[in-house]
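Taken straight from TrEMBL:
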ACT_SITE  A:102  active site, schiff-base intermediate with DXP
BINDING   A:163, A:189, A:190, A:211, A:212  1-deoxy-D-xylulose 5-phosphate binding site
DOMAIN    A:7-255  domain 'Thiazole synthase ThiG'
């Protein structure tokens, strides 16, 4: 069996599970969950430092050293292209010229649905500025293609709303996006449990990005392991090629001849 | 004294003051952070020789947990 690795912006990764670092009880739990997930790429947010905070206080970077993980700074909470670009320029300075970023520009605070117009604008600026942009977007195949054409290195449509755990609501659109794309397509947002991740991978996604599905589980470390296995299982199933669906047509698995005689 | 707006709060500091001495005074020496001065990023290599002036607006950010 050949090794099944994938590339983002020219770098090869073996884990197709990307994880967020938010919503954990503490940094120790964050680290244990991320270790259990096997993720190599971890997202982080960029926020104002608390002035007056105890400077000796541990930080996320102490628990997840940038030497051991590929950081994916995000623009969570940004509602305009300008804010997103500004945030990622700060992230690049913070992480010593690091170019790989996750762009998300939100449309409203109730649904956290992406504002694709602002996302397109920000993507153009960032790509011109030399960033490797992994972009969060809606599951619209036309917008996904536009973002690829702009030069984004990965397109990441939502499965369902951020943090909702509602799973993959439109597998048909995801499939359209995947079949049209020449860059990796990752499901980002909406995964609730292991089967959602597996379905995403079975559809042909290059990877899955999640945070709340792990951090919000009763046992986050165990769920992290479940997600690792689900992503691997889904990828294997995709590569193996599933049997065709035969609607309303049964086909026995055991021989139909050689049955003992009926009395 | 000079008045600086740091992360949305105005504070007074003794002048002259560079970005790196401000970072030290705030207790963040050695911490991995990024500084924006009046909308422009100040690269870490320039912290020591960037002088701050009355009315300057700074954003000082770090990486935190997020999805």
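Placement of Cβ uses the backbone N, Cα and C atoms for every residue, glycine included.
Keep in mind the model is a prediction, meaning the values are calculated, not measured.
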Rounded Cα separation (Å) that holds between residue A:163 (1-deoxy-D-xylulose 5-phosphate binding site) and residue A:102 (active site, schiff-base intermediate with DXP): 17
Residues A:163, A:189, A:190, A:211, A:212 binding 1-deoxy-D-xylulose 5-phosphate per the record - widest CA separation, whole Å: 9
Cα distance (Å, whole number) from the residue listed as 'active site, schiff-base intermediate with DXP' to residue A:211 (1-deoxy-D-xylulose 5-phosphate binding site): 14
Among A:189, A:212, which are binding-site residues, the residue with the most C-beta atoms within 10 angstroms of its C-beta: A:189
Integer Å distance between the CA atoms belonging to residue A:102 (active site, schiff-base intermediate with DXP) and residue A:212 (1-deoxy-D-xylulose 5-phosphate binding site): 17
Same-chain residues at least 6 apart in sequence whose Cβ lies under 8 Å from the residue listed as 'active site, schiff-base intermediate with DXP': A:43, A:72, A:73, A:74, A:75, A:134, A:135, A:136, A:156, A:188, A:209
Filtered A:102, A:190, A:211, A:212 - recorded positions with C-beta under 8 A from chain B: A:211, A:212
Under 8 Å by Cβ from residue A:190 (1-deoxy-D-xylulose 5-phosphate binding site), same chain, sequence gap 6 or more: A:158, A:159, A:160, A:161, A:162, A:164, A:165, A:166, A:167, A:168, A:169, A:196
Lowest local Cβ density (other Cβ within 10 Å) among binding-site residues: A:163, A:211: A:163
